[in-house]
Every structure is written in structure tokens, then in C-alpha cells.
Amino acid sequence: MTDRSTPSDSATRTRVVVMPIVICVAIMLGSLCFLPIIDDALLWVVMAAVTIIVEAISAVSRRFNTPAGVIHLWQLLGVLAMSYGAGLSATRSLGIAGAWLPALKELFIHTSTVLRVSPAPLPPDPGVRWILTVVIGLVSVLADLLVISLANAAWSLAALLSMYLIPAITDTRDAPWWAFVAMASAYLLILLADQLIDSRQWTRNVIHDSAPTTRLHGASGALAGMGTVFAIPALALSLVIGSALPTFGHVEIVTPRPHGEGPIQLTDPTLDLQKNLNDPSSAPVLSYTSQAKDGEYLRIASLTKLDASGWHLNPTDLTKEQPQSVPGLTGPSSTHKIDVTIRHLDSEYLPAPYAPLSSSVGTSTWSWDPQTLAIVSTATNRAEATRGLDYSVQATEPEPDAFTFEKTAAGTPDDPDLYALPDDVPEQIISLTHSITGSRKNTVAQATAIQAWLRDTRRFHYSTTAPPGTGYNVLTNFLTDTHSGYCIHFASAMALMARIEGIPSRVSVGFLPGSQNGAQRLVKASQMHAWPELYFQNYGWVRFEPTAAVAQPPAWTVENPKRAAPSTAPQSPEANRSPSPSTSASSQASPAPSPDATSHDSDHSSGVPWTVIVWILVVTVLLCVPMLTRMVVRRWRLHRDDPDAFARGAWQEVQACWIDHGLPLAHATSRQQCQEMAGELPEQARGALERLCLLDERARYAPSIDLDERDRDKVVDDVETVRDALAQQPSRRPHWLAVWMPASLVRGRHR
């Protein structure tokens, strides 16, 4: 007989043309998970262009039978070229100069900082655009390799999941449910397209099956089915578990020395500063009582090391010994006690006023930084060291008198080299600093002039969406161009300018005093703050406040106009405009939460867990996805208009049901398969199986077949008869598993 049906090469050609298009659509669908974290319309155009170019290389190359290895090499070269162009554009936009490799390193540092610390959604940023060009390009190549070259659509989950993980690890907020659904839909689109294309494929060669080959294929198919069918529900469950875990920005000890003394390297405590400033929650992270009338600045760490990339913590030797005195403090001071209750803060640092001399936390799991007097946990669970902690701190603070302090000179810390000015500070910042301080010779007058210049709301406006970072490029842009930033920009700029004038300085990070609530003060996550501290004779480290939008300056840091020398600081174009609405709004003191509001929060937290309920519903829907996909494929096979396609689809449905129940299916003709299947079925089902096999053979070898509506109904009834028989017969996979987790979606090719 002459085999008149389309050979398997037809499906291969269809795959080469259709699957690159499907991959493009799937990747753009999966990239919707970036929407909650990125607000950049141009980025979507760039990602679409990258995906289309990569898949166009695949489609055109495969059309000319190019070897797969060569195709993927060309794709990688295309991604490299596009990444180079995007990187070159990004470095120019960000003002990063120099050779390509150093510029690339600085661009990577900038981009990783933006992704780590910027609140969602991220504003348009050239660095983010560049890194996502690389990511999307590599994801496209990986998907093409898995789906087309390796002919295993199920493995495409690895490529799509890599996109979903980016927002999952850069944004601490709960991911929206639709972001996961978009990724799952992209995966199912690839699976469905793969199944539809495979339904066209068959072979006219009789392949004699051997037992070892069958067993090996069955085992690999079972493993693939088990892994990929359970992938989506497992990922969904992990999201439910992850969403139930509270998070707060904490710092990590890179080289831990628990319960002992020794050198450690602490990570930057400002990493979550911008996120916390944008935290809308009114729930306090801590509360405290103090005799201080205006509350306390609660410091957690001080950044003392300065280089071109910004302000950093300096490696230090922790000690168990509590400090006996405050470094450099011999002038007026006050000592008082503060009692702190941690509510929702997980941190390795102990919030405390400067300078803490003793604490009730003891020294068994807490140590002191002798340079900055920061109190750091050395416990094994140090990331959660402050959780639920109640403690008291005895602190001694300098109390400069405004009239005597202004005559004070800059002091010399114990390690003067640590506080020296680097040699590579941009000349633009140096010139600007000298123009601000003018002819002032006294260091206090210079410091107060810098503070007053930064606090001028006609020149600067407060914005928590400004690009993060404290490097030279960021500060130059902040001081001379945008004049827009938040506390870390104001604090790091003043600390740098102070060093330019020869005043030792550092940047401290912690919390504002908070709002009064009865006898205690409440501090929210959004009241995290950064401020500069300058070192003066007799007073040691003295706090300044250049961020006008959030707090008033200390009385001793206000410039005395009778003694101030005229400043020649240049006026910015924004100098004469009125303060922006954001500045005015931010300058308002945060109102203390009322008892009613506190009660409402408590009721809400103990009420219906809507987040968990929503996630349970999402998981339930996702558990149904394999079953629903299988139903769609079955309906498509049994409702095709073409009689030949309908007949072959009916036999393919029998094959799929066989695989779903875990039964071995030989690589052979439909007649040979029918003979093997018949032994597993009762008599009535054998007749239905025989009729379906004959119909498949007619569709393959007969000149044509005609099926009216009644004939079609009989064919569908025969398929249902076989399905029902399989459901009642004992098999490797129980019927419920065959229905809910059909292995045929990911196993092999149906003939």
C-alpha cells in the first residue's frame, strides 16, 4: 500500500517555523512579571526586539539546515552585540567614562545597586535596561535550545523561571498573583504548541521495538513527566510558604566569628534604606522610652570608608569589652538611659543612641565595634538577633553649646588615615565645596555653611525615587544637576564636602526619633535615616542634619549670621523656585498613631488572612492546569474537520490515555501497538480498540475516507470505551493521577 499521509519531516518544518514565534510570544508573556518592579516603557520595546532578533536567527538558520551548534553560536554573538550596544549607551547616559572593562564594571555595580535598593517600581534606568537586554537574550537562546534543538518543550520551564526569579529576589513585597500566572501561561503555551505540532507527526517506517529500548524510553519519559508536571504546583506552593515569612532589610556578616572576637566584614546597612523609606506600613518596627524631650536618633552603624564607589563600612575587630569612654569627648555631655522594645525588626545591629557605653543585652551574643561603638550580634541566628528583643542602653551624648562650639577646630580621630580625603575626588565637587565655604577659616563655620547650603529647599528637593548610591558619579549628579535625592545623598554629600575642608567625617545609618505616643515613641520602617557625623576637638563625633525634608538641624549646627563670611556658592537654576510639594509634605512631622488606628491594625492582623486565601485559590487553579490542558488537547483531536486528521487524532488520543496510565507503549506501527494493548483490555474495549486501529490505518494508507456525523460519534464513543476500560484496570499510575497529572503532556511523540 502507498502511504499517502504527510511524512514526519512536515512536522519538523512546522516546528522550525512556528516554535520560534511561540517562544517570542511566551517570553514576552513571561516578562510581564517585570511589571511590578519596572516602570520603563522603552524597556519593553528593547526586550521584544532582542527576543525577535534571537528567534529570527533561529528560524532563518534552521530553514537552511544549519547545524544546531552553529545556530546557537550565532545567537550568542547576536546577544553579545546587542549587549555591547546597550552597555555603551548606558555608560554614556550615566556619565561613566574610561576604558570598556572598567566602565563595564562600574556599570554593573551601578545596576546591581539600583536593583538591590531601589523601591518598586524602578524608574527608567539605562543600567537596568542593559542588564535585562543580556538576561532576555540569554533566556531566548536557552528556550530555543531546549524547545527546538533538544525537542523537549517541558524543559523550557528553566528558561521562563529564570525571568520570574528576578522580581522575586529584587522585590521583598509579595509578588502579584498574575505575575506567576503569566509565567505559567507562557510555559503552557509552549507545551500546547508542542503538542499540537506533534499531533501532525508520524512515521511510515516500521521500527521494531526492543524491550531494553522501550524500558529506557519509558523510564526517561516517566522522569520527565514527574519533574515537569509537578513543577508548577511546587513553585506555587513555595510562593505560598515564602509569602508567609515576614521580611525586613537586614545586614549579613560575611566572615562570621560567632561568640568570639576577631575581624569581620559587615555588608552595607544602607541596602534596604530606599525600600524602607517607601514602606507605606504604619506599623512600628520598634518603640522606646527616653528622657530626651525630642526623642533619640537611633543609630545602627557608621560608614567610615570612602572611595569612588561611595561610603562603606570598614573592616573591624569586634570586642566583648564595653567602651569605657566616648572617643574624643571631653566637653559638655549628658548621660541617660533608653528602654527599647523591638516589634517588627530583624537585624544584626542593635539600634542605640550614640554613644552607647553599656547595654542590657550583655556580651554573650553581642559585641562592640571599638571604632564606631556600633553593637553587633555574633549569635548563630544573628540575622534575627533583634526579633522581639527588649533591652536598655546607657548612652553619653555630646551637648555642644552654640556659642562655644562655633570656635572649635576639627579633631583628629585615632585612625586619621581612615578619615583622609581620597586623591580621586572629582574636581567639580572640590570647587563647589570651596565656593560654598567661601573665606570661612573656622571648621565649624565651614560645616554649618555646607549644611545650610544642602538644606536650601529652593535648590534641593527631597525624593525617595532618586537613583541610589553614594559614589562620585551619583554625588556629582546630585550636587550639580538634578538636586534631587533622599537622606543618603544629603548625608554622603555633606560628609564628602567636610573631608574636602579637612574635617573628619562619616555617614551614620539608623532611625529618626519617631512620633510620640503617650509615654513612648513609635518608629516606623519609613523613618529609617542617614545623617553625617563630623569629628571636632573636645566633642568627638557630632551629628549634623542636611536633609531639610525630614528633620530640623541640631541647635549647635545652625550658622550664626553675624559671624558668617559671604559665600560665593553658585546659584542653581532651581534656586529661585518655591519648594516642591513633595518637600513640603515630607517636612511635616509624622503624626502619632492614634489608639483607634493601633486597634484597627491589631484587628486586621488577627482577622481573615486574605493573602493566604488568595494564594490557596491560585494554587488550586494551578493544580487544575495539567488536567485542563489535557482536556483541551483531547477535545481538539476529536473535533477536527478533516476526516484523516480526525481519524489519526482518535488513535493519538488512545496512545495518550495509555501513557497517562503509565503503560508501556512500543515505538511501532499502530497495528503492532494495537496487538500489545489488546492484552490489557476487556473484550468490549478490545473491539473498540480494533476499530480505532483500522480507522487509523485507513487514514494513513487508503486514498480517502468519508465520515459522516454518525460515524464521528461512533469513533468518539469507541475512544471513551477504551478510556473507561483503562480507568477500571489496575495500572502503574492510578486513574486519578492519570487525570490530574497526565504524563502524555510531556512524554515522547505520539505516532
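Placement of Cβ uses the backbone N, Cα and C atoms for every residue, glycine included.
Some features that TrEMBL has for this protein:
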| type | residues | note |
| --- | --- | --- |
| COMPBIAS | 321-335 | compositional bias 'Polar residues' |
| COMPBIAS | 568-577 | compositional bias 'Polar residues' |
| COMPBIAS | 578-597 | compositional bias 'Low complexity' |
| DOMAIN | 479-548 | domain 'Transglutaminase-like' |
| REGION | 315-335 | region 'Disordered' |
| REGION | 559-603 | region 'Disordered' |
| TRANSMEM | 16-37 | transmembrane segment |
| TRANSMEM | 43-61 | transmembrane segment |
| TRANSMEM | 73-101 | transmembrane segment |
| TRANSMEM | 127-146 | transmembrane segment |
| TRANSMEM | 153-170 | transmembrane segment |
| TRANSMEM | 176-197 | transmembrane segment |
| TRANSMEM | 218-241 | transmembrane segment |
| TRANSMEM | 608-628 | transmembrane segment |
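Against the transmembrane segment (16-37), the recorded stretches 43-61, 73-101, 176-197 differ in Cβ pairs under 8 Å, and the greatest number is found for 176-197.
Most Cβ pairs under 8 A with the transmembrane segment (127-146) among the ranges 43-61, 73-101, 176-197 are made by 73-101. Under 8 Å from some Cβ of the region 'Disordered' (315-335) lie the Cβ atoms of residues 257, 261-266, 355-359, 363, 367-373, 376, 378, 394-401, 411, 413-414, 535-541, all in the same chain and six or more residues away from its ends. Computed over the domain 'Transglutaminase-like' (479-548), the whole-number mean pLDDT of the model equals 94. Secondary structure by DSSP for the region 'Disordered' (315-335): 0 helix, 8 strand, 13 coil. Each residue of the domain 'Transglutaminase-like' (479-548) gets a DSSP state, and the totals for helix, strand and coil are 21 helix, 31 strand, 18 coil.
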